[in-house]
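Novice: Here it is: the structure, laid out below.
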Amino acid sequence: MSSNSTPEKVTAEHVLWYIPNKIGYVRVITAALSFFVMKNHPTAFTWLYSTSCLLDALDGTMARKYNQVSSLGAVLDMVTDRSSTAGLMCFLCVQYPQWCVFFQLMLGLDITSHYMHMYASLSAGKTSHKSVGEGESRLLHLYYTRRDVLFTICAFNELFYAGLYLQLFSNSATFGKWTTIISFPGYVFKQTANVVQLKRAALILADNDAKNANEKNKTY
C-alpha cells in the first residue's frame with residue numbers, strides 16, 4: 001500500500017516552510033539584528049553576522065539532503081547575501097569616507113554581477129546560476145562547482161569587510177587588521193569572479209537577443 005500511495009501534493013505553503021527556507025528566514029533575522037548593534041557592540045555584531053553567513057552553507061546542505069531545492073530558496077539565499085554585505089558596506093562608507101567610492105563601486109559590482117548572472121542563466125534555460133561548464137569559464141566553473149572553494153572565497157570576502165569593521169574598535173583593531181590582510185587574496189579572487197560573471201552574463205543575454213532578432217527577421 002505504501003509503495004503505491006500517491007505522494008502528497010506540494011503546495012505553496014509547503015515550499016514556504018521547507019527546512020532550508022526556514023534557515024533562510026533565520027539568516028534574514030540575524031542579519032537584520034546585526035545592523036541594530038553594529039555601531040556600538042562589535043562582539044554582538046560579529047556573532048549575529050557570522051551566524052547569518054555560516055547558515056548560508058547549512059541551508060544548501062539541507063535542501064539537497066531533504067530534496068527541498070526551490071527557486072524561492074535560491075533567490076532568498078542570494079538576496080540575503082547581497083543585503084547583509086550591503087548593510088555592512090554602508091556602515092564602512094560612513095566610517096571610512098576616504099574609501100567610500102571604492103566601497104560603492106564594489107557594492108555595485110557585487111549586486112549587478114550576481115543579478116545579471118542569475119537572470120542570464122535562467123534566460124538560457126538553466127535550472128541554477130551555479131551550473132557553469134568548464135568550457136564556459138574555468139574560473140566560474142571552479143568557483144561554483146567546488147563547494148569548498150565557494151565557501152572559502154565567500155568567507156574571505158566577508159572577512160575582509162569584517163576585518164575593516166573590527167579595526168574601528170580599539171579592543172579588536174589588531175585582530176581586525178590581520179583578518180583583513182589574510183583574507184585579501186580571497187577578496188581579490190571574489191571581485192575577479194564578479195567581473196568574469198558580469199561579462200559572461202552580458203554575452204549570454206546579447207546572444208539570446210541576437211537569436212531572437214534573427215528569428216523575427218525570418219518572418220519578414
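Glycine residues also receive a Cβ, built from the backbone N, Cα and C atoms like all the rest.
Residues annotated as topological domain 'Cytoplasmic' in Swiss-Prot: 1-20, 67-75, 120-145, 192-220. The transmembrane segment annotation in Swiss-Prot covers 21-41, 46-66, 76-96, 99-119, 146-166, 171-191. Look at Swiss-Prot and you will find 42-45, 167-170 tagged as topological domain 'Lumenal', backed by a curator's inference. Look at Swiss-Prot and you will find Asp56, Asp59, Asp77 tagged as Mg(2+) 1 binding site. Look at Swiss-Prot and you will find Asp56, Asp77, Asp81 tagged as Mg(2+) 2 binding site. Sequence annotations record features per position, and here Swiss-Prot assigns CDP-1,2-diacyl-sn-glycerol binding site to Gly60, Arg64, Ser70 based on similarity to another entry. According to Swiss-Prot, the feature active site, proton acceptor maps to Asp81.
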Novice: Please report the DSSP secondary structure of Asp81 (Mg(2+) 2 binding site), reduced to three states.
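Specialist: Asp81 (Mg(2+) 2 binding site) sits in a helix per DSSP.
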Novice: At the Cα level, what's the spacing in Å between Gly60 (CDP-1,2-diacyl-sn-glycerol binding site) and Asp77 (Mg(2+) 1 binding site), rounded?
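Specialist: It is 9 Å, counting Cα to Cα.
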Novice: Within 8 Å of the Cβ centre of Gly60, Arg64, Ser70, which other residues of the chain have their Cβ, at the recorded CDP-1,2-diacyl-sn-glycerol site?
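Specialist: For the CDP-1,2-diacyl-sn-glycerol site the neighbour list reads Pro20, Asp59, Thr61, Met62, Ala63, Gln68, Val69, Gly73, Ala74.
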Novice: When the Cα-Cα distance from Asp81 (Mg(2+) 2 binding site) is computed for each of the binding-site residues Asp56, Asp59, Arg64, Ser70, which gives the smallest value?
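Specialist: Out of the listed candidates, the nearest Cα belongs to Asp56.
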Novice: Translate the DSSP assignment of Asp56 (Mg(2+) 1 binding site) into the three-state scheme.
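Specialist: Looking at the DSSP assignment, Asp56 (Mg(2+) 1 binding site) belongs to a helix.
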Novice: State the non-local partners of the topological domain 'Lumenal' (167-170) in its own chain: residues 6+ outside its ends, Cβ under 8 Å from one of its Cβ atoms.
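Specialist: Distant contacts of the topological domain 'Lumenal' (167-170): 42, 95, 176-177, 180.
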